[in-house]
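Engineer: Attaching a single structure in structure tokens format; questions to follow.
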Amino acid sequence: MGRLFGTDGVRGVANRELTAELALALGAATAQHLASSTGPGRRVAVVGRDPRASGEMLEAAVIAGLTSQGVDALRVGVLPTPAVAYLTGAYDADFGVMISASHNPMPDNGIKIFGPGGHKLDDATENRIESLVAAGPGLRPVGSEIGRVIDAEDAADRYLRHVSKACTTRLDGLTVVVDCAHGAASEVGPRAYRAAGARVIEINADPNGLNINDDCGSTHLEAIRAAVLAHGADLGVAHDGDADRCLAVDANGDLVDGDAIMVVLALAMQEAGELASDTLVTTVMSNLGLHLAMREAGVNVRTTGVGDRYVLEELRAGDYSLGGEQSGHIVMPGLGSTGDGIVTGLRLMTRMVATGASLAALASRMQTLPQVLINVQVTDKATAAAAPSVQAAVDRAETELGDTGRILLRPSGTEPLIRVMVEAADEEAAHRLATSVADAVSAAG
């Protein structure tokens, strides 16, 4: 058996790679690990999902695995990933399980496990769970020792009370378009923004199990741009399928990505004395423009590998208060143990109201260098990335760029892709060099 856990839990095409049998085994193995690491006593796991059709099947299988090993399953239903992380701590549960493939297409699904307090698992714990999956379930409890299933009727309301803490001023007078990606934020996202006082125009908020992320949400911004312009809104916020991301568009329909959002929030927190050690944590994918803006403001930037788990690790290690990714995963440990798209949207709007400035004006503190990202589908990521022809193409591009840009080649942790990213002083050079490297990757893969 190959490694199950990727950079963001276990993912695959539902009912093909990620089967009900595997979901049951993961539930049982996670329960076994908990028993072996915490000793005797009744244990509880929070279980949530996004609305994709396969989630019902996988939820049932995960819960069967948990209860078969004596763990009570607290079922919270369709809620964002950060809600499950928060509720794991709020309910004083032993761990949490989220069934979602985030921004991936509908046929995919995934299983993400949170430890106590809603924190992501470390590699050692994931390895232990994998070894228990391989070993099989072992002895099972019987009678009253079998776990029970409890529906948490107040889960959404608890989460909404939590996210309301992100909004330190009323948003009355602000008009926002919210793209829910037909995903987990479809109910709670608009409710959160309305509760804060904003006038909300919701789009793509009618999930049917099949339409999640379908030409909508944070990976397809055409609809929200059009809606912002059509309604004369102050901004738009777009979430992905599990609502751990937030991207924005300003009143002109222009993108405000995760880098620009981090700059806006970092400056706000620095002004309020809330930016711990005057430090922002981000990944190698962040635009050079972010680094320049932060340097000008006297903010340090700590850089990690790609993936919010690495951002989270650095935040915890340094006791920092803000980090994130260009893709819109923004983490504020004071407001949650993982990225929360709704919290991010509320903080962004709070800054607009507090300053009286438009989103375009706030985001203008960062000047984005032209950046081109090409996703290349490959059969073998390791072989393609290491191919001499690919390395030669990268060397040629780096020679041309010199110190005026950079190139990054990164295998995806969740999909059969290699991401080619090029930043350059002008758009033409970025496109040309990215295409030349992507062509080499495609030929090698």
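Easy rule for this one: first residue shown is 1, then count along the chain.
Glycine is no exception: its Cβ is also placed from the backbone N, Cα and C atoms.
Since we're looking at a predicted model, the values are computed, not measured.
The following feature annotations were taken from Swiss-Prot:
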- S102: active site, phosphoserine intermediate (ACT_SITE)
- S102, D240, D242, D244: Mg(2+) binding site (BINDING)
- S102: phosphoserine (MOD_RES)
Engineer: Just to be sure I understand the packing, how many Cβ atoms besides its own are within 10 Å of the Cβ of D242 (Mg(2+) binding site)?
Structural biologist: 35
Engineer: Tell me the Cβ contacts of D240 (Mg(2+) binding site) under 8 Å, same chain only and six or more apart in sequence, or just say none.
Structural biologist: S102, H103, A181, G183, N213, G217, S218, T219, G328, G341
Engineer: For D244 (Mg(2+) binding site), which residues in the same chain are close in space, meaning a Cβ under 8 Å from its Cβ, but six or more apart along the sequence?
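Structural biologist: Residues satisfying the criterion: P80, T81, P82, S102, D308, H329, T338, G339, D340, G341.
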Engineer: In which DSSP state, out of helix, strand and coil, do we find D244 (Mg(2+) binding site)?
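Structural biologist: Coil, per DSSP.
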Engineer: For Mg(2+), what surrounds S102, D240, D242, D244 with a Cβ no more than 8 Å from their Cβ centroid?
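Structural biologist: Apart from the listed residues, the neighbours are D50, P80, T81, S100, H103, G183, A184, H239, G241, A243, R245, G341.
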